[in-house]
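Record features (Swiss-Prot):
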SIGNAL    1-20  signal peptide
DOMAIN    42-99  domain 'Collagen-like'
REGION    43-113  region 'Disordered'
MOD_RES   Pro47  4-hydroxyproline
MOD_RES   Pro73  4-hydroxyproline
MOD_RES   Pro79  4-hydroxyproline
MOD_RES   Pro82  4-hydroxyproline
COMPBIAS  82-91  compositional bias 'Low complexity'
MOD_RES   Pro88  4-hydroxyproline
COILED    112-130  coiled coil
DOMAIN    134-245  domain 'C-type lectin'
DISULFID  Cys155-Cys244  disulfide bond
DISULFID  Cys222-Cys236  disulfide bond
Amino acid sequence: MSLFPSLTLLLLSVVATSYSETVTCEDSQKICPAVIACNSPGINGFPGKDGRDGTKGEKGEPGQGLRGLQGPPGKLGPPGNPGSSGSPGPKGQKGDPGESPDGDSSLAASERKALQTEMARIKKWLTFSLGRQVGNKFFLTNGEMMSFDKVKALCAKFQASVATPRNAAENRAIQNLIKEEAFLGITDENTEGEFVDLTGNKLTYTNWNNGEPNNAGSNEDCVLLLKNGKWNDIPCSSSHLALCEFPI
C-alpha cells in the first residue's frame with residue numbers, strides 16, 4: 001500500500017487546525033468551505049449586573065376592569081375645637097302653677113301663724129323692757145353711751161336709724177323711754193343753723209329748749225334730747241345715750 005495519500009491527508013489536517021486559530025468561522029467558510037468546518041459554540045457566560053433604574057414613567061390610564069369594593073372606614077380623628085355658643089332661644093311659655101298636698105299647705109300656714117305669734121310676743125317683751133312703739137315706729141336703746149358717729153354706725157348695723165321724732169307723740173315716747181340724755185338723728189353739719197334729718201330733709205317738727213340752738217363754742221352740730229323732752233344742740237364728739245328707731 002502507498003503512504004502518499006495518508007501523508008497528504010495528515011498535512012491537510014495540521015494546516016486546517018493552525019489556520020482555524022487566526023481566521024474567523026465566517027472567513028474560513030469563504031476560504032475553505034469544502035474542507036474546514038467551524039467549531040461548535042461555547043458555553044454561555046454568567047449574567048451581567050442589572051442596569052440603573054430608568055426615569056419614572058407617566059401615570060397610565062385607568063384600567064377597564066370593574067371598580068373594587070369600598071374599604072372599611074378609617075380611625076376617628078382627634079376632636080375639633082369647641083364651636084362658639086349659639087344665640088339664646090326664645091323664652092318659653094309660663095308653666096302651670098304647681099300643686100301642693102293639702103297637708104303641706106296647712107302645715108305652712110300653721111308654722112307662719114306660730115312664727116307671727118312668737119314675733120308679737122318678742123315685740124311686746126322688747127316694748128315693755130327696752131323700747132317704745134309709736135305708730136309704725138319702734139324706738140329701742142341698748143343703754144350704752146357713745147359719740148354720734150358710733151350711734152349712727154350701731155343703728156345702721158341693725159338696719160335702723162338714729163331716733164328722729166316727727167311729732168309730739170314720738171317725742172314723748174322717747175322721753176318716757178330714756179333715763180339719760182340721748183342723741184337724735186338731727187344735725188346742721190352741712191349748713192350751720194339749718195338742722196335737717198340724716199336723709200337731708202328739713203324738719204317739720206322741733207322742740208327746742210329756751211335759747212337753743214345757740215351753737216356755743218361754734219362746734220355744736222348735733223342735737224340732744226333732754227330728760228324734760230326739750231332739744232339742745234351739742235358737739236357731736238360728746239358721749240350720750242344711743243337710741244335707734246326701727247320701722248315696723
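Every residue number used here counts from 1 along the chain in the order it is shown.
The backbone N, Cα and C atoms fix where each Cβ goes, and this holds for glycine too.
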Let me spell it out: take the compositional bias 'Low complexity' (82-91), skip the flanking residues so only those 6+ beyond its ends count, and list any with a Cβ under 8 Å from a Cβ in it.
none
I'd like to know which of the disulfide-bonded residues Cys236, Cys244 has the most other Cβ atoms within 10 Å of its Cβ.
Cys244
Go ahead and report the DSSP secondary structure tallies for the domain 'Collagen-like' (42-99): helix first, then strand, then coil.
0 helix, 0 strand, 58 coil
Within 10 Å of the Cβ of Cys155 (disulfide bond), how many other Cβ atoms are there?
22
Distance, Pro79 (4-hydroxyproline) to Cys155 (disulfide bond) (CA atoms, angstrom)
60
Per DSSP, the domain 'C-type lectin' (134-245) contains 23 helix, 37 strand, 52 coil
Rounded Cα distance, in Å, between Pro47 (4-hydroxyproline) and Pro73 (4-hydroxyproline) is 48
Taking 10 A as the limit, how many CB atoms besides its own sit near the CB of Pro73 (4-hydroxyproline)?
6
Alpha-carbon distance [Pro82 (4-hydroxyproline); Pro88 (4-hydroxyproline)] in Å
17
So among Pro73, Pro79, Pro82, Cys244, all listed as recorded positions, which is physically nearest to Cys222 (disulfide bond)? Use the C-alpha atoms.
Cys244
Give me the CA-CA distance between Cys244 (disulfide bond) and Cys236 (disulfide bond), in Å, as a whole number.
16
Pro82 (4-hydroxyproline) versus Cys236 (disulfide bond) - Cα distance in angstrom:
64
Using a 10 Å cut-off, grab the number of neighbouring Cβ atoms around the Cβ of Pro82 (4-hydroxyproline), all chains included.
6
Could you state the whole-number distance in Å separating the C-alpha atoms of Pro82 (4-hydroxyproline) and Pro73 (4-hydroxyproline)?
24
